[in-house]
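Report on the following structure.
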Amino acid sequence: MATLIRSKLSNKLSNAATAVSNKSQAKVSGMFAKMGFQAATDEEGLGFAACDDLDYDHRQGMQMDILTSDEMGGEGSGDGSALEGDSHYQRDGTGPPHSASKDGGPTNELSEVRPKITAWEAGWNVTNAIQGMFVLGLPYAILHGGYLGLFLIIFAAVVCCYTGKILIACLYEEDEDGQLVRVRDSYVDIANACCAPRFPSLGGHIVNVAQIIELVMTCILYVVVSGNLMYNSFPHMPISQKSWAIIATAALLPCAFLKNLKAVSKFSLLCTMAHFVINILVIAYCLSRARDWAWDKVKFYIDVKKFPISIGIIVFSYTSQIFLPSLEGNMQKPSEFHCMMNWTHIAACILKGLFALVAYLTWADETKEVITDNLPSTIRAVVNIFLVAKALLSYPLPFFAAVEVLEKSFFQDGGRAHFPDCYGGDGRLKSWGLSLRCILVVFTLLMAIYVPHFALLMGLTGSLTGAGLCFLLPSLFHLKLLWRKLLWHQVFFDVAIFVIGGICSISGFIHSMEGLIEAFKYNIEE
């Protein structure tokens, strides 16, 4: 009898120790996820770093499953009072609902793992995602589109706000009592649900491919803009734009050693505030030349060859859909999500429209791809150096997110992984895994060297992945998952957005590719 009692006590102590250990690991994972989310406060890079946030959710889901099973097996398997876990942290988003504690109150274990954010904090994140550095290319879009370009800035804001809302609606389904229940957690979950049961993982692969393309293209854009800004800041120096791009990439090689975004996150808020200051300086300079504004240059005409590229530029400046599911799931009051989307996109529309119009009126037909290159040489160098610093500090965000998605898809997908894990048993990055990261950095450099055209690359990315993730897929998923519950005008909006988005995407992609092929051939001949 005494032996039996000692055996039971030993088992309970062992299970309790395991549960405590798992809880601690889960909290540490939550802290790292929070750090990744905080790092995402850097302008448009937030949207890309939030892709890393989705991966952390996946890993946390695995940890929560372990924690749940251990607690149920070790402490509460008999009375069913153990913590069941939050569906937000389940791998597929279909886990059990929130459980209550023994005294009937809700448990707060998960809230310790991942603190919720307010609507204002969520709005700040969205604002940084759609008010980022690539706003500097909008005046160039007005150059080729006139008043129609301004209209598209407004139209894109309305459509992206709407598709963001319907994308979140796809996360929910009604239960037996008619209450909305969150059954999915990410863009990938929604895509997989639409392709089930015949192709249960096809949608997720499509979204991941689009996500990787957008992230890598964003890294390329940062290298291109760094070389462009430095070359135009010091035109008398015997250093070409390609050489400046190589110098910038050399400074970015340490990104290959990144394990998390903790170090980068320290500069995020500072960089974002500096960017807003730079935008204000540009507008202030433009206002000082208000008497010379060329209103007659803004017309109701479009450059048929270059305007489709402008569409991609405008769409790309609004991309944020990829991280909205994770953001909404972390809000204290998800019911405030729609209101938050409204005021963030209204503010973005007003600020982008004013910035693009005022800058174009100041320089008219001389407007360049990156508007700061139009500034007088006395202040151009200072402003551009700050922008280059911001671009280099922003590069790790999409780079790290792209690496995470690639590693998860090809190297860490359990038994379905195509290649062995990049990490050893001690958690250290293997040499060949480090080589792959360095190759990715070098690839961004080669693309920046052979296609050093900011507007073309931005237009291509916006037409290909921006239109797909912001226009086409949300409307298609909304129709597929909620067809029977939609009103006729909602169906009309979804179909119209899908058709218009498809036309804009195809035309922008074709014209951007033509320009890129010509630029590539020209650089090869040189």
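Positions of Cβ are set from backbone N, Cα and C atoms, glycine also.
Since we're looking at a predicted model, the values are computed, not measured.
What TrEMBL records for 116-513 is domain 'Amino acid transporter transmembrane'.
Per TrEMBL, region 'Disordered' is recorded for 69-110.
For 147-168 (among others), the entry in TrEMBL reads transmembrane segment. Within its own chain, the transmembrane segment (147-168) is flanked in space by residues 130, 138, 141, 187, 190, 298-300, 302, 307, 310-311, 314-315, 317-321, 324-325, 328, 337-338, 341-342, 345-346, 348-349, 352-353, 356-357, 470-471, 474-475, 477-478, 493-494, 497, 501, which lie at least six positions past its ends and keep a Cβ under 8 Å from the stretch.
TrEMBL lists 209-231 (among others) with the feature transmembrane segment. Counting residues 6+ beyond its ends, the transmembrane segment (209-231) has Cβ neighbours under 8 Å at 44-45, 48, 51, 133-134, 136, 187, 239-245, 247-249, 252, 319, 322, 369-370, 372-373, 384-385, 387-388, 391-392, 394-395, 398-399, 401-402, 405-406, 440, 443-445, 447-448, 451-454, 457-458, 460-461, 464-466, 468-469 in the same chain.
As annotated by TrEMBL, transmembrane segment applies to 243-261 (among others).
Per TrEMBL, transmembrane segment is recorded for 267-287 (among others).
What TrEMBL records for 307-324 (among others) is transmembrane segment.
Residues 123, 126-127, 130-131, 135, 138-139, 141-143, 149-150, 153-154, 157-158, 160-161, 279, 282-283, 285-287, 289, 292-295, 297-298, 317-318, 371, 374 of the same chain, all 6+ positions outside the transmembrane segment (344-363), place their C-beta atoms under 8 angstroms from a C-beta of that stretch. As annotated by TrEMBL, transmembrane segment applies to 344-363 (among others).
The feature transmembrane segment is assigned by TrEMBL to 434-451 (among others).
Within the chain, the transmembrane segment (457-479) has long-range Cβ neighbours (under 8 A, six or more residues past its boundaries) at 134, 137, 159-160, 163-164, 166-167, 169-170, 187, 190-191, 194, 207, 210-211, 213-214, 217-218, 220-221, 224, 308-319, 321-322, 447, 451, 486, 490-491, 493-495, 497-498, 500-502, 504-509, 511-513, 516. TrEMBL lists 457-479 (among others) with the feature transmembrane segment.
As annotated by TrEMBL, transmembrane segment applies to 491-510 (among others).
Counting C-beta pairs under 8 angstroms (sequence separation of 6 or more), the transmembrane segment (491-510) reaches the transmembrane segment (307-324) with 3 or more such pairs.
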